[in-house]
Amino acid sequence: MARKKIIAGNWKMNKTPSEAVALVEELKPLVANEEVDVVFCVPAIDIVPVVEAAKGTNIQVGAENMYFEESGAYTGEISPNMLVDAGVKYVVLGHSERRDYFGETNEDVNKKVLKAFEHGITPIMCCGETLEQREQGVTMDFIRQQVKVGFQGVTADQAKTAVIAYEPIWAIGTGKTATTEQAQEVCAGIRACIAEVYDEATAEAIRIQYGGSVNAATAPELFAQADIDGGLVGGASLKADFGKIVNYK
Ligand code: 13P
């Protein structure tokens, strides 16, 4: 069975609540494509107005992070229940920016992934190597560790519904997209890793995105690859270009 493509925007720390609503209004008609899953992952404060603005459209709303506790004295954090109650369906976990700037470890990401599943939120778990790791030839070793630890304790049935985003750090926000071959190679490697940890059926079902300077020009070739099931898009998700990416065919 063919996997449905999933094209998600990661707004990062951009757009105030009112700007967010304006962007949804602008993009709504441009992303109206039922053949792919369209997700807007937005800053926490924008979630409520974006869910409201996206009502009745094909746009699903995601968060950019989440804490792994249910509630309590964790000043500044957002719980899975809060996200579910607000209408969130997806959550980006372990983005390289969170790993780099906020010290998130594979173990933290794993706790968050488990919590997301527990609450019926689909995790978009990010992984990806630095330029140094690529040059040292350890890309796949590093990513396999991120995936294996990130998915520890996740059942095969849960993994089948998950999304993994392969985002080479050197390609994020740099305008330097990985070549189609590089992206396909690593996404295939991730799928092979899932087959090893689980089984072929799980590997066939899980969706693997590419992220890193995806734009309207590079999306068609990237998304046509056998193991690339869509994209996680940063900069280009904040403009009309995102409509072209969603309608890449
Ligand atoms: P850019 O598309 O801006 O390179 O960002 C990619 C990314 O980090 C998405 O999560």
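Here the Cβ of each residue, glycine as well, is placed from N, Cα and C on the backbone.
Summarising the annotation, TrEMBL assigns active site, electrophile to His95. Non-local neighbourhood of His95 (active site, electrophile): Asn10, Glu64, Asn65, Cys126, Glu167, each in the same chain, at least six residues away, with C-beta under 8 Å from its C-beta. Under the DSSP three-state reduction, His95 (active site, electrophile) is assigned to coil, being neither helix nor strand.
Neighbour density for Glu167 (active site, proton acceptor): within 10 A of its CB lie 29 other CB atoms from the protein chains shown. Residues or ranges marked as active site, proton acceptor by TrEMBL: Glu167.
TrEMBL lists Asn10, Trp11, Lys12, Gly173, Ser213, Gly234, Gly235 with the feature substrate binding site. For Trp11 (substrate binding site), the number of other Cβ atoms no farther than 10 Å from its own Cβ, over all displayed protein chains, is 22.
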Annotated binding-site residues Asn10, Trp11, Gly173, Ser213, filtered by Cβ under 6 Å to ligand 1: Asn10, Gly173, Ser213
Under 8 Å by Cβ from Ser213 (substrate binding site), counting only residues of that chain that are 6 or more apart: Ala171, Ile172, Gly173, Thr174, Gly175, Lys176, Thr177, Gly234, Gly235
Residue among the binding-site residues Gly234, Gly235 whose Cβ has the most other Cβ atoms within 10 Å: Gly234
